[in-house]
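Remarks on the structure that follows.
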Amino acid sequence: MSALWSILCHLATLSCIWGACRAQYEYLGYPAPAEEHYTPPQIPADVPKILLRLAGEKRKHNEGRVEVFYDGQWGTVCDDDFNIHAAQVVCRELGYVEAVSWAPASKYGKGEGRIWFDNVHCRGKEKTLAQCESNGIGVSDCKHSEDVGVVCSDKRIPGFRFLNPLANNIDHMTIQVEDVRIRPVLSSSRKRIPVTEGYMEVKDGGKWKQVCDVEWSSMNSRVICGMFGFPGERRYNTRIYRMFASRRTHTYWDYSVNCTGTEAHLSSCKLGHLLSPSANSSCSQGIPVVVSCIPGRAFAPTHMANYRKAFRQEQPLVRLRGGGVVGEGRVEVLKNGEWGTICDDHWSLVAATVVCRELGFGTAKEALSGGRLGQGMGPVHMNEVQCSGFEKSVTECQFNMDKDSEGCSHEEDAGVRCNVPAMGFQQQLRLSGGRNPFEGRVEVLMERNGSLVWGTVCGDSWGTMEAMVVCRQLGLGFASSAFQETWYWPGTVTADNVVMSGVHCAGTEMSLSHCLHHGEHLRCPRGGARYAAGVSCSETAPDLVLNPQVVEQTTYLEDRQMFMLQCAYEENCLASTSGSTPANSYRRLLRFSSQIHNNGQADFRPKASRESWVWHDCHRHYHSMEVFTYYDLLSLNGSKVAEGHKASFCLEDSECDEGIEKRYECANFGEQGITVSCWDTYRHDIDCQWVDITDVKPGDYLFQIVINPNYEVAESDYTNNVVKCRTRYDGHRIWMYNCHIGGSVSGETEELFPGLLSNQVTHR
């Protein structure tokens, strides 16, 4: 294993050197050098000289209120007659490839000062906003409630060169460069994955340049580290770098950098002073800026990892749920022992960055709103969150305590997408032969006989959890299907040999190599090629959640004669002792209703095709999933006391949220599934919607329901697929109380339910 890690490290180092570390920074959205070549615009002398910046309450660094610097002061642009062509001119002038959209009516907050442009008419080809037709600079009848904003693409213009037409008036000008990188220069830094230390360099005019450290501050380093997925900066050995710098010739950028430390991206920092002409050769009394970053725990290789596991980790206060890739998800916070969500009112990039840093990632790429990563359950704990940017936890930020959740629903759940370190995992895996980039045969890069070779993964025991890891590793979201045969996908001929077998994943790993698998001694009886593992990925996934209150409120006991249970007996819905029960004797049934919601972003569809659905006489319809739920009654130590059964279901939309149309119905061999924002209710009076407790003695028990227990269908979150209840049975009556979704309460509360799993449904 150490030899493999050494080879991978050398491979990653060489690829960084050959490709200017291009792969490390692709996740920021910066493009590799392309055919397009940037030519600095030639602006006529009679056109007013202006500067632009994006300001206001941002949710991404490449969006914001359009602000114009003219005549010594910053002002805004009115939304009258503004359109996508004008937005295109603004984004191109700021160095972005194109505009995505624009927003009227001060979406990013009201600006201050003059409104410099009104009734702007652009064709989209102008070199500067000042060339577009308007009422004239400074002529406007608008208010700041009409300030316009834009959303630009993530990608920067290749070869973009920052040109400042107002060299003596650059106060509060934001930084505009083509690219940014941390370039490792010491041999010890080059071997590290991820790269955490090196020269901070900017790409301006197609050339990489160092930044002089004379006016550099720790706040600048904090922002740079955050961009590359690290929660903070640290000190480094300056003496070594001074010695190194004295032996090299450097090309310095013309400007210094001025960040406050709360920015999510360098492009939100202010431009510092224009350096003297001699700075380009000597940087006066300084050296190139060196940035050294602290990686989060998940990205920090350490020999102390096993030692840490010997101690119980402190209960986290914040977590992410429902994200398709590492570092993204719906934000959930722990309050009063119960997990809940954050309302997206006033949700900003600053608050999202606090969440990301708290969880060991870098700054936020995007602050998500509107439940875009699925809707949570339980309370809405925080609303109108306002952070300074230096809090250790989002729970320390100010929020509206008078109405935590008033006026908010889970349709407004806030989420984040965080910057994460470049670990090189995507270069160790690929999909081959598929019809599109989201599907194909899985091929991995492994060491064999001292060299790295591409090969396939054995399809035996390959399932949804393994496919989930592959899709996450490639940044493709969730797995929609896992395939144990891929003969219909002609993969790379030279990669037919099996190089990995016995793969078993928990589903949370960042790389397939982190999953359990056979070592050098592979075991794959059917071989690779046509029996190699494959996946199909999707950017969205369903998320089933069972309503615990419905279970608690509908529970009761029924004594039913055996002759009335013949159909249920044939479908194995009764305990095994029922086989010797006379027809006129009774069975005691613990009945309850199940209301299963789809809170995800995609419809829940059964894995089986229609022709394989099974007709059930008891329910008089087809069941599309033979094992959809587990019902179990357990002792307080977690052992089964009643023979729970595996319930099969017909999936349909019983009810939906307002404005959502039902799509699935069991009757007449109809299509089956659960639509997003709908739920399927299996009433307590339906056959097999019970647990047979005839042989159970009076006492205190634990009741557990698990949905989709075999992971047959991929979901965005499996941790909420279990409902747990405390149960008391006195021989005549039964009480169900403290019902809750698994993982919805604190660790201390979960300990009151011994023997039950809190963070995963089951072990396979």
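Placed from the backbone N, Cα and C atoms, the Cβ positions cover glycine too.
These numbers come from a predicted model, not from an experiment.
Copied from TrEMBL, the annotated features are:
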- 1-23: signal peptide (SIGNAL)
- 52-153: domain 'SRCR' (DOMAIN)
- Cys78-Cys142: disulfide bond (DISULFID)
- Cys91-Cys152: disulfide bond (DISULFID)
- Cys122-Cys132: disulfide bond (DISULFID)
- 182-294: domain 'SRCR' (DOMAIN)
- Cys259-Cys269: disulfide bond (DISULFID)
- 318-419: domain 'SRCR' (DOMAIN)
- Cys387-Cys397: disulfide bond (DISULFID)
- 429-538: domain 'SRCR' (DOMAIN)
- Cys505-Cys515: disulfide bond (DISULFID)
By Cα-Cα distance, the member of disulfide-bonded residues Cys91, Cys142, Cys152, Cys259, Cys515 nearest Cys132 (disulfide bond): Cys91
Inter-residue C-alpha distance, Cys91 (disulfide bond) and Cys122 (disulfide bond) (nearest angstrom): 13
Residues near Cys269 (disulfide bond) in space but at least six apart in sequence (CB under 8 A): Thr174, Ile175, Asn220, Val223, Val257, Asn258, Cys259, Thr260, Glu263
For Cys397 (disulfide bond), the one of Cys122, Cys142, Cys152 that lies nearest, given that the disulfide-bonded residues are compared by Cα: Cys152
Nonlocal residues around Cys505 (disulfide bond), in sequence order (Cβ under 8 Å, 6 or more apart): Met465, Glu466, Met468, Val469, Leu512, Cys515, Leu516
Model confidence over the domain 'SRCR' (52-153) (mean pLDDT, whole number): 90
Secondary structure content, the domain 'SRCR' (52-153) (per DSSP, counts of residues): 16 helix, 35 strand, 51 coil
Residues satisfying Cβ distance under 8 Å from Cys387 (disulfide bond), sequence separation of at least 6: Ser348, Val350, Ala351, Val354, Val394, Cys397, Gln398
Residues of the domain 'SRCR' (429-538) by DSSP state, where helix covers H, G and I: 19 helix, 40 strand, 51 coil
Secondary structure tally of the domain 'SRCR' (318-419) (DSSP, helix then strand then coil): 16 helix, 33 strand, 53 coil
Tally of DSSP helical, extended and coil residues in the domain 'SRCR' (182-294): 30 helix, 33 strand, 50 coil
Tertiary neighbours of Cys142 (disulfide bond) (same chain, Cβ under 8 Å, six or more apart): Cys78, Asp79, Asp80, Ile115, Asp118
Rounded to the nearest Å - Cα separation of Cys152 (disulfide bond) and Cys122 (disulfide bond): 16
Cys132 (disulfide bond) CB neighbourhood, other CB atoms within 10 A: 19
Cβ atoms near Cys259 (disulfide bond) (within 10 Å, other residues, all chains): 23
Cβ neighbour count (within 10 Å, all chains shown) around Cys122 (disulfide bond): 21
Cys152 (disulfide bond), number of other Cβ atoms within 10 Å: 27
